[in-house]
Amino acid sequence: MNKRDFSELKNSESSEESSLVSSTETVRSSKRNKKFHKNNRQSNSFIISLNFTIRNDDDPFVYMKNPLSEFIKIGNFVYKTKSFVSLDKDYHDDNLDWKISLNRSQYDDVKDFIYDKNRVIVSSFTNEIQSSCFIKVELSTSTHYKFRVTKNELINYIVRTLNGHIVTIDQNIDIHYMGYPMTINIVNIGDDFIGKITGSTDVHFKNIDSNIVVMNQCIDISNKDVSVFLTKCISLNSNHDNNIRFPIIIDKKIINRYVKNTFDDTFTDNDYRTYTCDDIEYTFNIKVIGCNTQTKFKNTYKLLDDSSPIQIKSNTDNVILTSGKKKAKKICFYFQSSNKDSPSDNILFYNDLVDFITSKYNKITCNQSVKYLTGSKEIVLKADFISPHINDNTMYIIDSNTKISFNTDIKSSYFIAHNDKPTEIDTVTFKIKNNASGGLFSLMFGDDDSEKTVIFDSGKLEKTVRSKFPKRTVLKHKASIQYNGVTYQFVVQEIKFKEDSDNKSDNKSDNKSKNHLDKIKKKYTTYGIITSNTNIKFVPAKANKSYVINNSVEQTEISKNPVQELEKYVGGISKELETVVRTLCLSRGILKQEYLARGLRPVKGIILHGPPGTGKTSLSRNLGKILGCEGDRFRLMSGPEIFNKWVGGSESNIRAIFKPAKDAWKKHGDKSPVYMVVIDEIDAMLPSRSGSDGNPVRDSVVNQFLAEMDGLEVFNNLICIGITNRLELLDPATIRSGRFGIHIKIDLPDQEGRVKIFQIHTKKLQELNRLSDDVDISKLAVITEEFSGADIEGMVELASVYSLERLNKLDVINDDVINTHGLVTFEDFTKAAKEINHNKNKSDSTKDNINHMYL
């Protein structure tokens, strides 16, 4: 028997909350209470004052040595009594006759009636009390976790425990049901204040603690009536590398078996349970389809022995559910995320990626991400496509025969190199760009600094790049580097490698392996290294026309045989043009100083005239390449674009043509690099001036151009090439010696020229072995008389399209089919020649009709 000091009990009492009842119910309770006390005063025959002790149990009896009667009354509450002897304990307290034992809930009920420390008035209770048809109770618990109890079983337990006891409203009763502590509070006994519990008394629940889940009936349901969600999946073994182990790809049939094992007994709607297999713990959430959630008591359910599958969905990234499996022949990945802060680490290697995927992932799905760890970075790859594709829920098996590739067309900051060891770089060209950090204001209103001329010293640039740009690099590799306190973006625009064993053919490998390696080399970039012997060049981006790079320290090397170099790109060069090309290159090559010392003036302007399509623009562009005029030092423009609607705007555009060359000449003198400007349709910009009847704006443009080209300011680092179909329309002052003094007619090519043009435009087809054996270029040159270079180029393209159309009609297309049925034949060329002739005749006919209309 647990005895406690009353004063300690009183100090530890917690404040009680009084429940709100309606005014009508308050009046009824008051009347019942007065009636109960009146009857009690008339019938009670014995009243005593006793010391009490408190027990820690849920026994609803009050214990005394010699009970006054079967029931006693303390305050407003009536309790059934038992003798101390029934406790089966030996007591030797002389004052035991004057003591009474209460449990904790009984003490809480009567504590307001305690006086003189720990004494209470006890009276015998002999009134006849009617049996209660029902009682309404509240359930509470002291636990901090949820537990489930069955409604009917709990009611039976309460009735069995309180059978024969008298209860009153607001009485608290402690019970321990299935090991769970609960407190019952009587809130209603019908119309009476007091009642007796019998085996037929019905128990109703009013309020239930949230930690007590009272379940209703158990219902048998089939697998189709439930949905299961896999909410969590964790590893129980800390030694495993979870980044590699997850996500787990598992077939739905296997996970169905796990679910059935997990919910093999009764469960409730929205129940959570765990299942462990192979050190992996799965958490499942089961929901009953069509379950009424707006009920006071939950039903319990049990799955029938059903062979149909359960609807299962994974809500965690750690598990991917699949249906069926298939061996993957080809898988293509793309980069889902990137790290822009580490440009030196953005070069990945094809073989490393393939080895990682095949060794770490033996199965994959369409929607799965692959995490590739390199250094301190995590790179995420995702499957772009899988062949053969069944559906998105299929598990694809990866083995050594699976061909792995990567989509390099999707924009990413990563580069995939086909070679593991870097190849020594002979020459690398960097493009310099503005770092583009001006923000929204610059984007909307422009940046004034972008028009200012910025001159870069190539020597200083080279030192800066060698020290700060990654030595190991690839094409399009970029990094932000400071130069003279300003940050610019340097992009690898072009790379020329030294001859390396990696680029040589391997005679020992079979043709199949060689073809596979060739495809990899074509698709992925080449990994190179910048050494002390690497030649470094710089060109500004097209958007940064005001950037001027001083390459005077290392002059551009001009070929000693420029005509032969030019014939690689242009066919049908005339003798007259050969002479001009040699003169141009001689005055800008290694004999430049000797050329000037003899009093010879470098050629400043050339007019190329002739019918359209004869290659005048192409000739000019390739002539600029031979002279080293690339990037910002080569400008191709159209004559009409020079005109501006604002006063003085056209003249300002003329000055802008000559400004870069003049600025470079002022800084470097005769060591300045060569600039080239090609003006197409120059007759629209420099038309003949017609005195007072002319257009004053056009006349002003001509005057400004002549002043810039041949004015007081001397500079010999600019070559200006004008292109026109109508030489006679040009102003006579522009085509005199010292300005555009050289006039070369580019006419339709002769037969020998057409052969060379065909050789140039069929070069790629020959390299790919896509020309049929019956194709004779000499015969093609014969049947294309009066064809311009543009006509021949269009003819080659059209013939190639014809062969592709034949391929497109076939059901199966592979390398063997292309090599057999995809070759460009002589018939394709003749068909293309007829179509071009037809289009030319149609165009001439239309032109004649238009002339007739005007006449």
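Think of each number as a place in line: the chain as shown, counted from 1.
The backbone N, Cα and C atoms fix where each Cβ goes, and this holds for glycine too.
The compositional bias 'Basic and acidic residues' annotation in Swiss-Prot covers 1-13.
The region 'Disordered' annotation in Swiss-Prot covers 1-37.
The compositional bias 'Low complexity' feature in Swiss-Prot is assigned to 17-27.
Feature annotation from Swiss-Prot assigns ATP binding site to GLY610, PRO611, PRO612, GLY613, THR614, GLY615, LYS616, THR617. Around the Cβ of GLY613 (ATP binding site), 18 further Cβ atoms fall within 10 Å across all displayed protein chains.
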*Quick one: among the binding-site residues GLY610, PRO611, PRO612, GLY615, which has the most Cβ atoms sitting within 10 Å of its own Cβ?*
GLY615
*Among the binding-site residues listed here (THR614, THR617), identify the one with the smallest other-Cβ count within 10 Å.*
THR617
*Write out, in the order they occur in the sequence, the residues of the chain not among GLY610, PRO611, PRO612, GLY613, THR614, GLY615, LYS616, THR617 that have a C-beta within 8 Å of the mean position of the C-beta atoms of the recorded ATP site.*
ASN725, ILE746, SER788, GLY789, ALA790
*Determine the Cβ neighbour count for LYS616 (ATP binding site): the number of other Cβ atoms within 10 Å of its Cβ.*
25
